[in-house]
Amino acid sequence: MATNITHHAGITRNERNQLRKQKGLTIWLTGLSASGKSTIAVELEHQLLQRGLHAYRLDGDNVRFGLNKDLGFSDADRNENIRRIAEVAKLFADSSSIAITSFISPFRADRDTARKLHEVPTPNDSTGLPFVEVFVDVPIEVAEKRDPKGLYKKAREGIIKEFTGISSPYEAPENPEVHVKNVDLPIQEAVKQIIDYLDSKKLLDA
């Protein structure tokens, strides 16, 4: 890390919150491929926007077309993938937006790093930013049966290496803020669980 740089602080987060009439936070969806993360994230974004809240969704596949197109799927690259996304999500949250991330993020340590990053106050602010971990939980058998992209089949055939749940581990969250058991659960109910939690913590209040 460079040592000859300084952080240029401008307006405070509280000033931004007042201007946008909302607080910023990050909602971090994690789970196996085909668990339903992206589908839930899309509907969650829509519902937040309908409530007049500024939200932005960061999706695992989409980000790899741009910001993270130089990364593969080794453990080191997965770590860097999540580190970058955590930094970007924090920027959105610090701007008084609601960042919704939808990434497998298989390693517990990486998710903990993302959380701790949000807990560190930015210059000019005395507190960190809310970080809400949402575990979209389905058994591997269910995810593999869904397999909309045919990725599990390719992983079983050895075409895709280091595939989470097959040849690379997924470390389930131990204490997520929201635990969505997404087997035969209507999308509206899955999103309701998340919004109910946010409302209970007054995270969507101005």
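Numbers run from 1 along the shown chain.
Cβ atoms are placed via backbone N, Cα and C, with glycine included.
The Cβ of Gly36 (ATP binding site) lies under 8 Å from the Cβ of Val136, Val138, Asn182, Ile187, Ala190, each on the same chain and at least six residues away in sequence. Under DSSP, Gly36 (ATP binding site) is assigned to coil, being neither helix nor strand in the three-state scheme. Summarising the annotation, Swiss-Prot assigns ATP binding site to Gly31, Leu32, Ser33, Ala34, Ser35, Gly36, Lys37, Ser38.
Here Ser105 (active site, phosphoserine intermediate) comes close to Trp28, Thr30, Ile82, Arg111, Ala114: these same-chain residues lie at least six apart in sequence, with C-beta atoms under 8 angstroms from its C-beta. Here Swiss-Prot flags Ser105 as active site, phosphoserine intermediate.
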Residue, out of the binding-site residues Leu32, Ala34, whose Cβ gathers the largest set of other Cβ atoms within 10 Å: Leu32
Fewest other Cβ within 10 angstroms of its own Cβ, chosen from the binding-site residues Ser33, Ser35: Ser33
Around the Cβ of Ser38 (ATP binding site), the count of other Cβ atoms that are within 10 Å: 20
Residues within 8 Å of the Gly31, Leu32, Ser33, Ala34, Ser35, Gly36, Lys37, Ser38 Cβ centre (excluding the ATP site residues themselves): Ile104, Val136, Val138, Ala143, Asn182
